Amino acid sequence: MMKFAVSSKGNAVSDSLKSKIQTYLLDFGLECDEEEPDIVISVGGDGTLLYAFHKYSGRLDKTAFVGVHTGHLGFYADWVPSEIEKLVIAIAKTPYQIVEYPVLEVIVRYNDGSDEARYLALNECTIKSIEGTLVTDVEIKGELFETFRGDGLCLSTPSGSTAYNKALGGAIIHPSIRAIQLAEMASINNRVFRTVGSPLILPEHHTCLIKPINDVTFQVAIDHLTLLHKDVKSIQCRVANENIRFARFRPFPFWKRVQDSFIGKGE
């Protein structure tokens, strides 16, 4: 028996749809299981799906996600409220295709040797200093690439390349490409200090290591979660071994989503 969970944005419209979806799926004989679902239906927007991703990040190999957007077009959500009955029937009766997207692994290590902190990001990780300019060495594949001075760094996944990364002038990458992207935030470039000044696309197995020059407190944002880290030795970023799995019941082309989100359908 398939087990499901429904995650809601928490507003009246989303909560009403959540209740309706739960009732319909239970009527079809599916089991509601908030702890170990086979499929998670996210009702809201992209933020709701990010929340669901982090809630179930420990079982990404066993759980698939599908999104229903109740506001503006959701980049991860391909169903609208008027299609709820159709979606429920598809979940209950139709074998679905699994589409996997890469995610970002972030490991924070500390100078005192205490246990490292590991995170997964669906969209991006941003790294800033709360004490002014961020000054860090950036290593790629174990070799020093540059010393960065500026407001911060953004490391994004392909599916997250349309978010903060795009605002920084980064490229939009198709999620079939297993890579991460490193983009700079307001880097300092003059005759003394130089950075590459362009976004970098790092393929799978290319690790980016960010090592602070001075003793600062880092503000590390993992998607919507903002965390402070002190006494940091390094922050390691790479394509994670895990993937997020989406349940697809119909085509949902990536470039069509990009077009709808940023260009529109035109006249």
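Every residue, even glycine, has its Cβ placed from backbone N, Cα and C.
Remember, it's a predicted structure, so these values are computed and weren't measured experimentally.
In the structure as shown, the Cβ atom of Asn123 (NAD(+) binding site) sits within 10 Å of 26 other Cβ atoms. Following the DSSP three-state reduction, the secondary structure of Asn123 (NAD(+) binding site) is coil. Here Swiss-Prot flags Asp46, Gly47, Asn123, Glu124, Arg149, Asp151, Ala186 as NAD(+) binding site, drawing on sequence analysis.
Taken from Swiss-Prot, the feature active site, proton acceptor applies to Asp46. Secondary structure at Asp46 (NAD(+) binding site), taken from DSSP and collapsed to helix, strand or coil, is helix. A simple way to gauge crowding: the CB of Asp46 (NAD(+) binding site) has 25 other CB atoms within 10 angstroms, across all the protein chains here.
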Tertiary neighbours of Ala186 (NAD(+) binding site) (same chain, Cβ under 8 Å, six or more apart): Gly150, Asp151, Gly152
